[in-house]
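Asker: So TrEMBL lists the following for this protein:
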- 20-27, 88-92, 142-145: GTP binding site (BINDING)
- 11-279: domain 'Tr-type G' (DOMAIN)
Amino acid sequence: MNKTELEAAVDTRRTFAIISHPDAGKTTITEQMLLFGGVVRQAGTVKARKSGSFAKSDWMEIEKKRGISVTSSVMQFDYDGKRINILDTPGHEDFSEDTYRTLMAVDSAIMVIDSAKGIEPQTKKLFQICKMRGIPIFTFMNKLDRDGREPLDLLNELEEVLGIETYPMNWPMGMGKGLKGLYDRYNHRVELYHNEAHGETFLPLDKDGKLDSSNELTKDSIYRDTLEEMELIEEAGNEFDEAKVASGDMTPVFFGSALTNFGVETFLKTYLQYAPKPSAHKTREDEIVQPTDEQFSGFVFKIQANMNPNHRDRIAFVRICSGEFDRGMDVFLQRTGKKMRLNNSTQFMADTRETVETAVAGDIVGLYDTGNFQIGDTIYAGKHAVQFEKLPQFTPELFMRVTAKNVMKQKSFHKGIEQLVQEGAVQLYTSYSTGDYILGAVGQLQFEVFKFRMLNEYNSEVVMEPLGNKTARWIDPEQLDEKMSSSRNLLVKDRAGAPLFLFENAFAERWFADKYPDVKLTAKL
Ligand code: G4P
């Protein structure tokens, strides 16, 4: 690829994640998008796969035929002249630090909210990471085919709880059984509600934002209510500000129903008009790496261990930051300076063989790994060494005390912990008073993977004692007095030796703040 071809290819890339609380409809909306992209032909395939009701062999057959895997961590497809990479952010019991780190590898995010429930805890957590990165966030208020909360109430909640300005791109005309359609102020039309089989119908609005008076709908009270609400929003709502959308300070809000495929395509099309192209990345030397720079570079944001004991290999997920990736190319691993040939690479969801061979900035490639990579590693080709900024560490919420089952096997126990912690699988703390090892994670899965890998890769059986949910707060070492620690606020140090308390609950934290009003405690991300 020459420079012009590279620029053209990068220009088409849109890389994003869908963030949501479990059950808000992420799988359903993803599936609709894959349908538009022609990647799956039948609604229900992803869902069926998720619930296990889809015969495995059929599924594998589809994967083989299409060369895709809809359940993998990255889904790639072409739509409307764009090449889209959707990165999965697992929820439920699969929630882990990897989920957070995945957000380091995207250029924007779609936030799916169940309109009957509003903002739920996991959405909030993921939102905060996106906000910290200053990436654009687009909101899809889902399940309009069911009775939900008042749209204005939902917008208020977004503004108040998340601290982001909102701009409704469309407005529901009724909901649940009374759902008539969407008043689409952005495209200046009404999108009538039908179920999937009938397809959608668009009615144009006149210059005053009204439907032709001959239309039956104009006699419906829902139509009049909608016009009133629109008027209110025009007057009292925010003005659309593209710069604020780009900086993540304003979220365009779309209403719809993923299940009945209502408003989803309109959403996707409009979203793609604003979704950013692959962004530039900063190195630790404060250099800016542009996606269209010809020298290949990327960073590892996730390592997925193979849970099958017969296959020790893992997959390192690399976000390409610049240039072109070619299978078989030589790259340097910045941390060790080691040169390696990337033969064993895989690009997910590519629907033709050729695209597996090359990828460009914005794309994600999976590299089969036998232990070379760590999370946050930079790889690059060419002479100019690059090292991207450190990935942030996330404050764990779940904790476990861990010991080796067999005291005679301390060596492999320590080696395993050292390596897995370095790799970013879990976080490690040591108790001030006893020197015990305490593991921290954001999701239970991290502990399970840890235990499994300790046994299978390091031959070390571990005993884990759950300490439950805790709030981690760092304290300035100057202010620390070991007597401040109690059974409700365990004093530990992190890997860098910095002291922190693990508070049992909010009550314990308040009690501490009352007792030591001058002590400043800080939360990390
Ligand atoms: P997730 O990936 O965010 O966890 O959510 P998922 O898409 O699996 O959707 C969760 C549930 O919500 C599913 O129901 C799904 O059918 C339903 N759902 C998704 N979008 C809509 C929508 O727009 N309207 C309505 N009414 N429901 C929606 P389920 O009961 O778990 O599965 P199923 O038994 O219905 O298949």
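Backbone N, Cα and C define each Cβ position, glycine as well.
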Asker: For the domain 'Tr-type G' (11-279), what's the model's average pLDDT?
Answerer: 87
Asker: As a check: which entries in SER20, ASP23, LYS26, LEU144, the binding-site residues, place their Cβ less than 6 Å from an atom of ligand 1?
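Answerer: Only SER20, ASP23, LYS26 meet the Cβ criterion.
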Asker: Ten-angstrom check, please: count other Cβ atoms within 10 Å of the Cβ of ASP23 (GTP binding site), all chains counted.
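Answerer: For ASP23 (GTP binding site), the 10 Å Cβ neighbour count is 14.
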Asker: Return the count of C-beta atoms lying within 10 angstroms of the C-beta of LEU144 (GTP binding site), excluding that atom itself.
Answerer: 27
Asker: I want to verify one value. Collapsing DSSP to three states, which class is SER20 (GTP binding site)?
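Answerer: SS state of SER20 (GTP binding site) = strand.
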Asker: In sequence order, what residues of the same chain, 6+ apart, have a Cβ less than 8 Å from the Cβ of SER20 (GTP binding site)?
Answerer: LYS26, GLY91, MET111, VAL112, ILE113, GLN122, THR123, LEU126
Asker: Can you give me the same-chain residues 6 or more apart in sequence from THR89 (GTP binding site) with a CB-CB distance under 8 Å?
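Answerer: Listed in sequence order: ALA17, ILE18, ILE19, THR99, THR102, LEU103, LEU126.
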